[in-house]
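Among the features that TrEMBL reports, transmembrane segment is placed at A:15-37, A:85-107, A:119-139, A:159-177, A:189-206, A:245-266, A:272-293, A:305-330.
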Amino acid sequence: MSELLQQAPSLGNTLWFVLAAVVLLAVLLGFVTYAIYFERKVIGWMQLRIGPNRVGPLGLLQTVADVTKLLIKEDTRPKNADRALFTLAPILAYAPAFGVLAVMPFTESIQFADLGIGLLYYIALSGITVLGVITAGWASNNKYSLIGGLRSAAQMISYEVPLVMSVVGVVLLTGSMNLREIVEAQRDMWNIIPQFLGFVVFIIAAQAELNRTPFDLPEAESELVSGYHVEYSGFRFAMFMLAEYVYMFGMATLITVLFLGGWLPIIPQLDFIPGIIWFILKFSAYVFFQFWLRATMPRMRVDQLMSFAWKVLLPVALFNILLTAVVVSYQSGMF
Amino acid sequence: MNQNILTTHVETSSDTGIRTEEMLLNVGPQHPSTHGVFRLVVKIDGETIKEAIPVMGYLHRGTEKLAENLTYTQIIPYTDRMDYVSGMTNNYVLCHAVETMMGLEIPERAQFLRLIAMELNRVASHLVWWGTFLLDLGAMGPFLYAFRDREKILDLFNELCGARMTFNYMRIGGVKWDAPPGWIEKTKEFVQYMKKELDSYHQLVTGNEIFLSRIEGIGKFDEKTALDYSLSGVMLRSTGVNWDLRKNEPYCIYDRFEFDVPTGTGGDCTTRYHLRMAEVVQSLRILEQALEQFPSEGEVLGKVPRVIRPPAGEAYVRIESPRGEIGCYISSTGKDKPWRLKFRRPSFTNLQILPKLLEGQSISNMIAILGSIDIVLGEVDC
């Protein structure tokens, strides 16, 4: 596939380019549909409920019904909203979340673009998602939205710093920013062991980046009703939900690639199981972890959230970089 | 409403030229965390609250006025709908007031049933508080665990009086229904079950670092303020005042049982959290003793005249509801209907301190503080 993707665009292969993107989008929508179902089921069981079980067998069509409902809803727009920005915001939130998936190596063969700076691309692009949120908050002309949007901007920018810092350790160990090489370098040992500190910082910061419990302040229901998307309805609202889950998909992929050895088996003897199965297993474990947190954790307070990012996570991440740098240079015979 | 709150301060920084503006935020009456239809107008500077004004009355039904045209027995169902989370205590306060005026004797068995019902209701009420408080702080799980256990209490009530929330259980001179066969045993089982569940509550929530750091030191006030604002219940006891009407002015048969009044000195949300949890333990303790001593037989409704006519005069009684001191004042002219009826509702009185507590707090703290007061809007608006 990579040969195809590395060709210069021409009339003949443009169709293939588009088709590949559509297939990825379809896979993604399938994931989002069933991630929501899975989330509701898991949280339901953890909270003594049943979860969706009415629409279709075992409630499997629940999300489909929900999306249909959103699609046929009236598209309302507040009277004093900034029309252009209001329309643009959901797209701004969604596009980068989808765009980051281009560099993700799902297995050895399934990867859309094998960039040398894949990791940097991910970080750069994911930094844009905050724009969608803050635009939505501003354009809605609603006080709750505004507070939610601003909280979100502060939070996502603050947590991006430790997030980026925590992956520097991995880059130092591997000596590359290419995601495929990072996975290949984990043949002997997954990065989660030598980079445990980085892993912990990453997983916490990722939670904040994704606006999920216990860092779901931007959409804190009990405080801000639902934060930045309080004025959105119908499909625009669906776009925000979609962006949230797609971003989660991206984050889960990244964490699998960076720390959990991507498509590599847990021990080399289990090599006969296809890489994609391993990938899905690790990926699902992380997604499950997120739902688990959501079912058990209360929400943090906004001031504590900030001081936690700057006073705890960032120093730990920096310490991790220092430690990794010292070890790496010691191993390469610098001392 | 105070008009001053409507003028917001606009300021332009002389260094940066950035214009900043205070903002009016309307919290409620359809806000998810106001526990009903409570409205709060807050003036905020960023996320800091400068001023807050509670606006109440969205659920006002004129219970007190309606009562003037009802016979005393007919008023009882109206009291269920005041503090709908703890209907039994409301039932009791009205019956207690009328009984005090008429000097009625209550049969032993009825006294026990009343006490058991009230204490069960106190546990149920605190469970609702615990669940919703955690829900306000963003934890969804505890809410459902609390409601599972509250459900068991409601089932017990259902067997006892055929209703789950609006009981209409007590009557002047006793209670309407006797406990069905096996009910006492079931309640005994529940008490043991609840004790175990409480431990798991503590494991899930009380040790949670995020939760503790969120409520530590916020919504703080001292003893003098509490007394000045005429607070009662946990709001008062959290400042170190040992005042529980079950102990200080025993009513019903509370003087026969052994229990402690949990008191804290912190005066903040954390103290109130721990006090309510401790109160559940004490209620279970009372229940255990009461169920053990429950008389095997006897009347549940005393000798009451067919038409209830308290003598002319007035009476005020007060008891300890889960939220604080609930009082009932009756002014009678010797007729079968009260000339004037007045309830002192603890939620309403406790809520008055809110604007003072909110000043200078952030919006997230606002939710925690409001939650820790434990109001029921049906009672606030009456």
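Cβ atoms here come from the backbone N, Cα and C positions, even for glycine.
In TrEMBL, annotation is done automatically, which means it is predicted and not curated.
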Distal contacts, the transmembrane segment (A:189-206) - CB-CB under 8 A, six or more residues away: 159-160, 162-163, 165-170, 173, 182, 251, 255, 258-261, 264, 289, 309, 313, 316-317, 319-320, 323-324
Distal contacts, the transmembrane segment (A:119-139) - CB-CB under 8 A, six or more residues away: 81-82, 85-86, 88-97, 99-100, 102-104, 145-150, 152-153, 156-157, 160, 163-164, 167, 171, 177-179, 182, 209, 218, 227-229, 232, 240, 243, 247, 250, 254, 258
Best-contacting stretch, by C-beta pairs under 8 Å, relative to the transmembrane segment (A:272-293) and drawn from A:15-37, A:85-107, A:305-330: A:85-107
Long-range neighbours of the transmembrane segment (A:15-37), counting only residues six or more past its ends (CB under 8 A): 1, 4-5, 9, 52, 59-60, 62-64, 66-67, 98, 101, 112, 242, 245-246, 248-249, 287
